[in-house]
Amino acid sequence: MQKTLFISDLHLTPTRPDITDCFMRFMQNEAIECDALYVLGDLFDFWIGDDDDSPFARQIKQAFKHLTDQGIPCYFTCGNRDFLVGKRFAKQTGITLLPDEHVVDLYGRRAVVLHGDTLCTQDERYLEFRAKVHQPWLQRLFKCLPMFVRRKLVARIQSDIRQDKQQKSMDIMDVTPSEVVNVMHRHQVDLMIHGHTHRPNIHQNTDSSQTRIVLGDWFEQGSVLIVKHNDFQLEQREFFH
Ligand code: LP5
Ligand code: MN
């Protein structure tokens, strides 16, 4: 049976081996049988650079390499937590890096795929922050720092901005409907697939016949979108403790 799989928002980290185990099982048993795997951002809790050669980083890279070696194409869109995944990671794993917005053909139906953070246009403070950390010169500078300094800096910034996020309303952190329409219109598609908001759902707009599929996060269970011909299923995968 032909199927394409989509995942996002795993937030993999060495401190959550239950998530990593579920991901490894998914890669070995499920992804190995699909036509293509799309990872739509936030695979990692934070990615500090492609030169991360820790056992944890190696384990994840190896899982992708195994898949792509078997001829399964893997596509990767960067999220707001792993925007430093780059060419070296792609080369080491065999994945294909996608731009922020990308159109895919899913068994004859075209869909725009993206992480989803850029759809939240009301979250102005986040978009300002995003513009800052996406500056190439700043990224180059960050990658020159020793690993332990990068880790410390990230932990520091994460704890500094946690309060800022807690003060935001749920509405501000959801997608802006008009931006969803804009992006679909720009790409001339009636289907959008994204993650980021952690609000898994299949939104069907009956007026415009547009569909927006939101992937789920991997905090308490795994979450996978399975696409077959004209069929979309959001499924969960259990964690074992
Ligand atoms: O990921 P999630 O769902 O928790 O929250 C996101 C937005 N938050 C982020 C931050 C990341 O999670 C963690 C980033 C670690 C920083 C590492 C920087 C290393 C430097 C690299 C340099 C190349 O993306 C959150 C959104 C939420 O999604 C929903 O959409 O609201 O956004 C924020 O909380 C951001 C704050 O609002 C911004 C606060 C401004 C603070 C300014 C600090 C300046 C730091 C400059 C960096 C050098
Ligand atoms: Mn995100």
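Cβ atoms are placed via backbone N, Cα and C, with glycine included.
Since we're looking at a predicted model, the values are computed, not measured.
Taken from TrEMBL, the feature domain 'Calcineurin-like phosphoesterase' covers 3-200.
The Cβ of D42 (Mn(2+) 1 binding site) has 30 other Cβ atoms within 10 Å, all protein chains considered. Residues or ranges marked as Mn(2+) 1 binding site in TrEMBL: D9, H11, D42, H198.
In the shown protein chains, 26 other C-beta atoms lie within 10 A of the C-beta of H115 (Mn(2+) 2 binding site). In the three-state DSSP reading, H115 (Mn(2+) 2 binding site) counts as coil. Sequence annotations record features per position, and here TrEMBL assigns Mn(2+) 2 binding site to D42, N80, H115, H196.
If you look up TrEMBL, you'll see N80, R81, D123, K165, K168, H196 marked as substrate binding site. A 10 Å cutoff on Cβ-Cβ distances gives K168 (substrate binding site) a total of 14 other Cβ atoms nearby, all chains included.
Among the binding-site residues D9, H11, R81, the ones whose Cβ sits under 6 Å from an atom of ligand 1 are, in sequence order, R81.
The shortest Cα-Cα distance from D9 (Mn(2+) 1 binding site) to any of the binding-site residues (N80, R81, K165, H196) is found for H196. Less than 6 Å separates the Cβ from ligand 2 in the case of N80, H196, drawn from the binding-site residues N80, K165, H196 in sequence order. Within 8 Å of the centroid of the Cβ atoms of D9, H11, D42, H198, where the record puts Mn(2+) 1, the same chain has further Cβ atoms from S8, L10, G41, G79, R81, G195, H196, D217, W218, F219. Close to H11 (Mn(2+) 1 binding site), meaning Cα to Cα within 10 A, are none of the binding-site residues out of H115, D123, K165, K168.
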